[in-house]
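These come from Swiss-Prot:
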type    : residues           : note
BINDING : 60, 62, 75, 78     : Zn(2+) 1 binding site
BINDING : 449, 451, 453      : Mg(2+) binding site
BINDING : 818, 892, 899, 902 : Zn(2+) 2 binding site
């Protein structure tokens, strides 16, 4: 076997007949498979042991030689080589065809490759190949033309007239001869000459032909190889035949297809020997051609060959295609050993880096480790005895199991794996039962809940795999989401309500105004019932020796609540005391207003002091983010566990319950509804009198009922008791929101009909009163629509993610600094007056390209090439800076990736990104993962004329990344100048906008409903939209430059996500857009070898020009193109990646003719061939590291190494 990790690249080409014969171990001449009585393979048949190898390990067919000692011996009696039966998976055979057959991929594909080489149309080719017409091979002196088609009667006439002065033939044989006659170099030269004059259709055809001819010239493939004299036969174990119970056989479809080819081939041979009449031979040749076509790609031409039950047979092409094909099913998605799956259950008592593993699963997963340990400890004499012990569940085994799983991390995965946090590592803890236990805080990352979800578990085997799982994948490390750098692990549900209840303050609770010397004294008073958690008390500030209070504050008494004292007790010792849920408290410590001078009357203070709001879910997240920033991973994960334990404990003790009595009645509801009814009656009256249109009436009625619902909601909030458990639940962010409460206690309001239009009939009841039958029926429409939408959205979003990953999978951080001198000037993204993305979010975690100066004073805030952290970014914003030039993926010069500087900070760790990080995949997942939260529908903008439905949500994202013509397209100005006139033309229902540029004047005609964005006298830049709507990026890239198009697309994507409240970092979107813009189309090839109209990577284009300029030639010119992600993924330099994505046969056909070489740069192609991926520790720099013993010093840092870089630093120090 070849070692996959040792080769550089992989090449594909056309197989010559000699090559096919060299692969083969013998010719298959009989259609037989296996003998039905003996079940042994037939001689010379499709399963022959002489050709393909023995069916039993080291045993020949007749049984003369058995055992491995006869290895490689060929039996004299039966001719079978004695070797491992595995060879039946790799040995091929061949079939010598009695007449050549064309390969359907090259004849039928679009464009037809044979047609382009011969300059014949696919229709003409089909007539020749399938024996409908003759083609002239040699015209002699007859005045016919070469390649001219002749019908059967016409051929006979000419034959009588000219005899043997010309030759014409039919079938693939004729095409093979024509292909062999083509002088590639001569044709290519002629075409190049044609290209200089030709235009239009003729030019396009010439370019395509030249492209194919050049491909044959460069690759060394010969055109005649597109017609086959011999076809390979696949190894038998890859097209098996198995016996079912009842004596029937199940067989792979390929065997049927091969059998048809062999049968027809043998019949043709016999007919040729018998000198049968031409028409019979011709018919048999045509049938052989059709059999070969069906074998290669059944159904591509004519009706597919069907098997039993009229099911089309699966041919060789079908084995590769689609989700169930070889690429996606077996090469990209293998099933692995040492894995299992089970239902998950909650494990609230575990630490963040642990999971509960059921004993029976652990026994099976760690079996080899247990066996090894049992024999090592001499508890079992050999492997067999050890296995027996495990099967009998011997109690010694359990002790060994405990030791084996200690310190051995396992990986847990939940499908669908939408982002990289869908697989995390944990340390297993043995638990009883059959369900795996999952830590409650990692549920958010997995999107898991415990209503029957299942998860898969995998055991990393090698030491390196275990080390990576522990250092890089441990769940405790994954605190920030790679999408936006915010914490993804946050307390939820019970934990939130527990901490909320605990940090609530109440007036006049028992023991109010007591003053304690420290937290412990307060805890004792609480345990003994002198105070409640919600009691406001004083405590000596000086008792907190490590908390960062000011010297002044340390002399005073701080007013807080007992619950808050206990809450702060679980925080890191030197972390700020948290007394109110504000960012100010986190950044600058407890405000001075909470401190009393010793001797001041605390009761008087409490009389007037307002109650401080409790800590809600969002604030707990802020605390976690802040702690992470200061203390990094270890401390944060420990804190998270403490918050979790405290939350569960306190929510249990609080005794919060929900009953029907907690849903209060609203006294004002009847009069609000009465008022609304009157307004509706008034509007209807106006409509009947013809004062308003039906549309206006509808809009107003909807408006009236929405206002009524809002009023009910506001009244409910006013009357809401802060101790109401339902209110506490929604206010804390544990579950539900105010609209749920409105539906329980107020009114349900308006519902959507099945068409999505809002019905005028409101649901006046709430769930507390109960709905009438009609109301119930109406509201069921909306519920059903919600369910179907979600299902559709999931599929759409999943497919989007797949395309995004495919186009960006080869983008990896390749180097430290690409040395670019270009940057991206960023400002806040706004839409009208609405802030979409503030400048702070756009510059945080990025490198500056130029120094940033204070616009008022002119002083330098930060220099160039500086990574902006929170503090610096805030400084820039505070100084009133509007524009900052940053390093960006758009302007990065690194090939096949991005450099560390242009990428900036890794959102998932909060540190500078490291070389080897697979940022392309992370970017794709970050954009795709929230896809299910985006809406599927277009928003109907309340009937405002002209502003037709703006595409939003998922459809808009697809429109952008596939660079389709947008719905509601805006017209853009092609000149820079001034708007001189805007004229309406009512007769033709249009508006004409005239813009006077520096050189010419343009007039744009828009529909009369269009909302114009400019006014007369306005200055306008080229590429700016004249009316409301989305700009077509293809037009923009034509009129403006690449960078402004990229910037526009970035702001459009952000617009969609931020409108839905989803934060997404710019850098992810930048990477995707850069992948769409990486190609240029050659306009004029100059003196280079490239072809006009060819798509090239920018780097390839630059290299071609560089060589030409050095030798003093004229360089080529090209213009940038924008490709949709599907097209971009198919245009990648890796044919393996493209073929495994979509249109497998087309990609492979093209790659074979061009003799493409796959450099194995991306992740996908390396996974396909089983090579370690060139990202992370698989990068060249990290390979071939020799292990070295190091003394472990325990008193070092907090012990947790969080990145490879830290590991390297430590090793350096020890050297």
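Every residue, even glycine, has its Cβ placed from backbone N, Cα and C.
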Residue from 78, 449, 451 whose C-alpha is spatially nearest that of residue 892 (Zn(2+) 2 binding site), among the binding-site residues: 449
Cα separation, residue 449 (Mg(2+) binding site) to residue 62 (Zn(2+) 1 binding site) (Å, whole number): 60
Alpha-carbon spacing, residue 818 (Zn(2+) 2 binding site) to residue 453 (Mg(2+) binding site), which is rounded to whole Å: 46
For residue 892 (Zn(2+) 2 binding site), the number of other Cβ atoms found within 10 Å of its own Cβ: 24
Chain-internal residues near residue 899 (Zn(2+) 2 binding site), provided their CB is under 8 angstroms and they sit 6+ positions away: 813, 814, 815, 816, 817, 818, 892, 893
Residues within 8 Å of the 449, 451, 453 Cβ centre (excluding the Mg(2+) site residues themselves): 344, 448, 450, 452
Entry from the binding-site residues list 449, 451, 453 having the most other CB atoms no farther than 10 A: 453
Rounded inter-Cα distance in Å - residue 60 (Zn(2+) 1 binding site), residue 453 (Mg(2+) binding site): 51
Remaining residues near the recorded Zn(2+) 1 site, that is with C-beta within 8 Å of the centroid of the site residues 60, 62, 75, 78: 61, 63, 64, 65, 76, 77, 79, 80
Zn(2+) 2 site shell beyond 818, 892, 899, 902, criterion: Cβ within 8 Å of Cβ centroid: 815, 817, 820, 887, 889, 891, 893, 894, 898, 900, 901, 903
Tertiary neighbours of residue 75 (Zn(2+) 1 binding site) (same chain, Cβ under 8 Å, six or more apart): 60, 61, 62, 64, 65, 81, 82
Nearest-integer angstrom distance between the alpha carbons (Cα) of residue 78 (Zn(2+) 1 binding site) and residue 902 (Zn(2+) 2 binding site): 68
Cα-to-Cα gap, residue 449 (Mg(2+) binding site) vs residue 902 (Zn(2+) 2 binding site), nearest whole Å: 38
